[in-house]
Every structure is written in C-alpha cells, then in structure tokens.
C-alpha cells in the first residue's frame, strides 16, 4: 500500500516535470515567478495590507477594542484629533527631533568624509561610531536614564570639569527634556547615517581623487566638487528617512520618560489612547493621520529633490 502511494506521488511529480518542460521559456519563467511570489505575497497581505485596511475601517468607529458593539461615528475621530491640542498638539515635540536629524546627518557626513581618507586608527573609529546603532533601543534608554539622572554621569562629568553650575534636571525640566531625548537619538542613529555615507564615499573611484590632486585641489575642493555631488541621492534618502523617523519617534522617550514632563510624542499618545484609555477607534484614526503625514512629507521631498535633480 505504501509503495503504491509512493509510486502515485512519484508519477505525479514526473507528470508535472514533463508538463513544465513542454512549456516555453517565457511560460516557465512566469510559473517560477508566480510560485516563488505566492508565499511572500500571502504574508504581505496578511500582516500588512489587511491590518492597514482594518485600521482605516476602525478609525470611523467608536470602539473600546473588546466589545462586539462598534458605533459608527464617521469622521468624528479625525475632527477630535485636529481640534483637541492634547492629540495633534504633541506634534510640536517632533520639532526637537526634526532639528536633531540635521545635526545627526551633519556629524555623520563629517566623520564619514574624514574617515574616507587615510587616517590612523580608521577601523577603530568606524567601530566606535557605528556601535551605538547595534545596541537595543531599550538598553540605550536605560543607559541614558542613568546618564541624565540627578547626580548621574553627566552631572558628575560637569562637576569634574568645574561646570557644576550647569547641572540640570535633564529629564525633569520641561524646557530641556526634549533636548536631552533628541541628543540621545542623535547618539544612537548617527552610526546608521555614518555607515551609509562612508560606503557611498568609499565607492567613488580613486583615480578621480588622483586627478584632483594633480590639478591642485585641496580636501575642501574634493569634498565640495567630488564627494557632495556623488552622495546627493544618499543625502536625499537619509533626509526622507530621518524626517519620517522624527515624526514617528516612540522608543527612546517612552522608555526614558514614558511621555512625562512634556516629552509625549504623537506615537506615545496613540499607544496610550488605545491601550490605556481603550479608545481603539480614535487611536486607529491617529495612526492613519500619522501614516498620511509621513506619505505627504515623502512626496513633497521627492518632488523638491526631483526638480533639483532635473
């Protein structure tokens, strides 16, 4: 019986192989592409597009996330978001991270440019600059909680340098808390931009630098006329990623402060709205608004950079 089943399976496989072999090259290629795309496409639909559809669907309802009864309220959730400052007003916190992204990119480009030339200990400095990006975000949050706490590492360092009068409640003062958190983000993510810049700069052919040296170009001229034009597209990509990240900041402020003392971002507000106040309909609408803002910002940047490139 077992051998009969085995023979039937083997015969089926042989028939499929013969049928596949009779197909034209284009048909075989089409079958292979479809076969290899089915599973990834199924995962994409299941874990991306379907949840996105449900999120948009829930945004038009008043729902606590548990009850089977959902009250359709139309655009009321969106009206609430844009008319109540405790929801949309927290976007102002993103301005700190927005400014920090340009500082982060400037530092990353500076170090990448320096280390693209012959520098003693180049590999060591590469590792030091990229290492923070490899760390877990939760671990970084706890590290900097101790760094910024009263009488912590930063205060001790200021005391040693004779700058004790500059000690602050770095995570307790609403005027500077977001500066402290944005600085933490710069430390963590600068390595990501650094390694991208460095890889792109390193791909520039060496004979271009040699020709520039022969023509008497100094390092500044090489940076301005060789490096910058070569990495313009990478800068554009990093700007898009950085600004999108600034809008959707969550991990570091949530771990370090929980959104206290004026550090609550829009994503933190969304999470609390859903899981603390059980307003899943409103939280879904907030997530949709965030998604639309990221898409609009990306389209505007692509439009601006596209016109410059043209």
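Glycine is treated like the rest: Cβ placed from N, Cα and C.
Since we're looking at a predicted model, the values are computed, not measured.
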Which range of 95-117, 210-232 is transmembrane segment in TrEMBL? It is 95-117
Given ranges 31-52, 53-74, the stretch to which TrEMBL attaches the annotation transmembrane segment: 31-52
